[in-house]
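J.: The following block contains the structure, expressed as structure tokens.
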Amino acid sequence: QILKNEHRSLEGDPDLQFLLKGGDLLKVLSPSWKKTRYFRLQEDCKTMWRESKKTFKKNDTFSLDDISAVQMGRQSEGLKKNTEEQVEDRCFFIIFKSRRKNLDLIASSEEEAKQWVKSMQKVVSNLNNLSQKQKTEHWILSCLRKADKNKDDNLSPSEVKSFLHLINIEVDDEYMEMLFKKCDKSKSGTLTGEEIKHFYDLLTQRDEIDVIYGEYAKTTGFMSAQNLVDFLMKEQREKATLADAHRIIEMYEPDENAKEKKLLSKDGFLMYLNHPDAMILNPDHKDVYQDMSQPLNHYFISSSHNTYLMEDQLKGPSSTEAYIRALQKGCRCVELDCWDGPDNEPVIYHGYTLTSKILFKDVIKAISEHAFKTSQYPVILSLENHCSVEQQEVMARHMSSILGSALITSPLSDGMPTNFPSPEELKGKFLIKGKRLNKLEDTFAEAAADDNDKKLKLAKELSDMVIYFKSVHFNSFEDAQKNLSFYEMASFKEGKAIKLAEESGKGRETIRNSQTLINRIYPAGSRTDSSNYNPVPLWNAGCQIVALNFQTPCTDMDVNQGRFLVNGKSGYVLKPAFMRDVATEFDPITLTRGDWLKHKTLHVMVISAQQLPKVSQKKSSIVDPLVKVEVYGVPADVAEKETKPFDNNGLNPSWNENFQFDVYVPELALVRFSIEDYDSISDNDFVGQYTLPFNSLKMGYRHVPLFNKNGNLLPSAGLFVHIMVMDAE
């Protein structure tokens, strides 16, 4: 009964049973469109089903894997706009990880709304906490259910072929017939019960794991604790003791008899290798591990451009959801384009375009509610202020009343500061970037009022909120060093920033400028499709705030997320020491002969992949995967290698190909693993990727998790590699 028993352990859970039974909810699309729809969780305990009343429309489904959050109340943009306050207690909404709009719902009572939210939160949390083995089983069994067309818990030869297509593997009829006969012990012409399990075991067999395990399993076919220590020290380059080995066996060995004898079976070994702490990202770098007490200008800061936009720059929707999604991804600098709105309420939109408008106060509320859920470190509100003085006063009042004491409105110290405070000092705080009527120094002088810039049409209430990020015009590096105070900050279009870096001694002057000031870079105005630019050359030049269009999935966003994957996803990454030290003359872009001799060599063996998703939804389409390994960094480090494509196999393709890279500035380098579906006629299709800092790589045999194009984890897919980093001789 393998198809029925997957969730036996949850059978008594009342929250799961509530979702499996389902119920009617009011779906809200507009003030006049509120329709009752029946929602329930399908038997796979992973897919939500919603009936459609339209005659020719299929009933909708969505995966619980795609849910970012389920929340009570009318806080979503749609519910605020389309419902009355009296239904507040009955409202809840679902936020998705992808670009899909929120699902706004109303239950029949407050108790029922709370039950839906509690139940969905619990099941989503359980799914997120499954082990890699459980995720693989979940995926395989879900495909088995889909293949079992007549729902008799048996698989006929045609259903087996359908199953193979679902799990992304193409085999010829002769091989499939051989597999089928091997498993059909009862000679019934169908697979059932243990025969399906045997078929599953054959499909998920990992020959490469057998080889590695066999090298070290020297104790009657098992790994002893000492065998495991030998593996960890020799292959994984980890300092390991017998106590470490005993802890691993206790945590990962599924066989109680083996565990009692302090032995690790092959299944336990694979479970350990699949655990996040044993994967390619150094587990010590997952949480905040860097010094967070340095001045703000010593960090790269995760930053968004025109954060309010969901799509393009000309006619797409503006939404508070866009801010929520950026903040959930660890963004710490968001942009607000502010314009006069009706009824003396400022609005945010892309001026002089057809993009929709949202209320400034709604954006501030959304930011206030979601700013510190992913990261506790400070959020910068970058104001592009086009409002009249009257509505600027309204902006100031909204920020003051909504953000309260979390808004920085005066320097942290009593006197005039001489440097930025640190992220640690500013935990849970908001900082405003915008124009000021005067220099900050003037607020500490007696004649402050006489020194205001009378050309600026700026409300004093708003001006006074700008403390550490005053927007100024950039003239030259010489002028900046001579005349700008530390808190005065220039913004550059991407093209100008790259040109300045290239003209100023290949980046040395830009780096020197960023040692005392903060530079902000933003996309060119020609990027009306919200495309992005490569942030790496700007980081190489020391620029702290490199703003990207977070709503656009692309390689540049992958690299940005890779840069900020570490340090607790705090949105702050400490710049290398040579970028912070005013005395250093090291230029990472123009390397000396001595620098060339001191480089690192990265050896990568691409071994195999597991459970890759189908790219095309066509039933007959099977992926032909190839793996690209890329290094991003200073010009001398940029490189790309790729494997040959593996034909018709997304389940367990193998390559066993070796690559070598020379890395001269490891502090700035990032490594990107990507998988594409090879196409000899057109461009390859994207399958998945993972990017991480070079200095966060773990050596040895490592699984690499994969993200989809929206930057969300592919639950059961992965890449298996061997990594070695050596000092060049």
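The backbone N, Cα and C atoms fix where each Cβ goes, and this holds for glycine too.
Relevant sequence annotations retrieved from TrEMBL are reproduced here:
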type     : residues                              : note
ACT_SITE : His305                                : active site
ACT_SITE : His350                                : active site
BINDING  : 27-54, Lys433, Lys435, Ser491, Arg520 : substrate binding site
BINDING  : Asn306, Glu335, Asp337, Glu384        : Ca(2+) 3 binding site
BINDING  : Ile622, Asp624, Asn648                : Ca(2+) 4 binding site
BINDING  : Asp677, Tyr678, Asp679                : Ca(2+) 5 binding site
DOMAIN   : 18-125                                : domain 'PH'
DOMAIN   : 135-170                               : domain 'EF-hand'
DOMAIN   : 171-206                               : domain 'EF-hand'
DOMAIN   : 462-580                               : domain 'PI-PLC Y-box'
DOMAIN   : 583-708                               : domain 'C2'
J.: To test your reading of the Ca(2+) 5 site: which residues beyond Asp677, Tyr678, Asp679, same chain only, put their Cβ within 8 Å of the Cβ centroid of those residues?
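T.: Close Cβ neighbours, site residues excluded: Val615, Val623, Asp624, Pro625, Leu626, Pro645, Glu676, Ser680, Asn684, Asp685.
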J.: Top stretch among 18-125, 135-170, 171-206 for CB pairs under 8 A with the domain 'C2' (583-708)?
T.: 135-170
J.: Counting by DSSP, what is the helix, strand and coil composition of the domain 'PI-PLC Y-box' (462-580)?
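T.: Counts, helix then strand then coil: 47 helix, 20 strand, 52 coil.
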J.: Counting all other Cβ atoms within 10 Å across every protein chain shown, which of the binding-site residues Phe39, Tyr678 scores highest?
T.: Phe39
J.: Summarise the domain 'C2' (583-708) by DSSP state, stating how many residues are helix, strand and coil.
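T.: Its residues fall into 11 helix, 60 strand, 55 coil.
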J.: What subset of the binding-site residues Lys27, Glu51, Glu384 lies within 10 angstroms of Ile622 (Ca(2+) 4 binding site) at the C-alpha level?
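T.: Cα filter at 10 Å returns nothing.
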J.: I need the CA-to-CA distance for Glu384 (Ca(2+) 3 binding site) versus Asn648 (Ca(2+) 4 binding site), whole Å please.
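T.: Cα of Glu384 (Ca(2+) 3 binding site) to Cα of Asn648 (Ca(2+) 4 binding site) measures 51 Å after rounding.
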J.: Out of Lys27, Lys433, give me whichever of these binding-site residues has the highest number of other Cβ atoms within 10 Å.
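T.: When each Cβ's neighbours within 10 Å are tallied, Lys433 leads.
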J.: Since the record lists Lys35, His305, His350 as recorded positions, which of them has the fewest other Cβ atoms within 10 Å of its Cβ?
T.: Lys35
J.: Nearest to Pro31 (substrate binding site) by Cα distance: which of the recorded positions His305, Asp624, Tyr678 is it?
T.: His305
J.: Closest of the binding-site residues to Asp624 (Ca(2+) 4 binding site), Cα to Cα, picking from Glu43, Thr47, Asn306, Glu335?
T.: Thr47
